[in-house]
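Structure first, commentary second.
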Ligand code: SF4
């Protein structure tokens, strides 16, 4: 399938000369140093690589998830809580070989898994990096932590490399995606990607959870409730059910208005109220989800947003 460019190997590095890695398909010549809409060029930038304890319990467990935060992002969410790295480009440029080392170092730190956060625009590097890490002894699962805005072709090509798809399903209303993340086709694109994620997991034998409750293979679908948009949240849950059935879901209330949103004075300048959150959780129950994670306590907690201080990115910083 494809238009003027062969799509048989979307993740081949050669594809960077006309990048169509993500659904934006902006065609940037990253191989020549141009930046795509996502902000990435031909270099690999990482903002942080460290154990992270605030993912869902089957991901973080007791020892933490080996989280690698990549710089840049195909989405342009106005409320982004990681805006320093998503649009600010914060991070350190490293060679792809360093990514392999980082994965192995996180395993040495006893991470339950390797958690690739927003790797969409670096997906072309993953087959070699994960393959090499596996050859050098990486044995823990690979978690692909994504905004949901993925090409289903990329999901298919990553099927044998990724063990757990941790996917944030953001909007059911395309207009909301347009207004808040500057994409025109979010709901349909995310639905196709999620459907493919479920299919590739099923093809590998379905969900697998070990005796300690840690997910070894599977799909977890997240949704961040936004203040003033609970109706869309309910429609998101309906859509997830339609596409993925009774998949484990994680309904989050951790929305934290960034500086820009606080200044805007609109609905996104505040946290989600308890009533709003309860409304969405009740709907999830009504839909029929039986495996649901939710968040307790205050809605706004800075601990969910780690310091992007390049911890673990360079060899010397990660020792010990
Ligand atoms: S990954 Fe970046 S460069 Fe590639 S198509 Fe998407 S926005 Fe464009």
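Yeah, the Cβs are placed from backbone N, Cα and C, and that goes for glycine too.
TrEMBL does not curate its annotations; it predicts them automatically.
Here is what TrEMBL records for this protein:
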BINDING   73, 77, 80  [4Fe-4S] cluster binding site
DOMAIN    68-197  domain 'Radical SAM core'
**Study point:** Listed binding-site residues adjacent to ligand 1, that is, members of 73, 77, 80 whose C-beta is under 6 A away
**Key:** none
Check your understanding: Going by DSSP, how much of the domain 'Radical SAM core' (68-197) is helix, how much is strand and how much is coil, in residues?
Key -> 59 helix, 20 strand, 51 coil
Practice item. Mind telling me which of the binding-site residues 73, 77, 80 has the densest Cβ neighbourhood, counting other Cβ atoms within 10 Å? Key: 73
**Study point:** 8 Å Cβ shell about 73, 77, 80 centroid, [4Fe-4S] cluster site members excluded
**Key:** 75, 76, 79, 82, 83, 86, 87, 147, 181
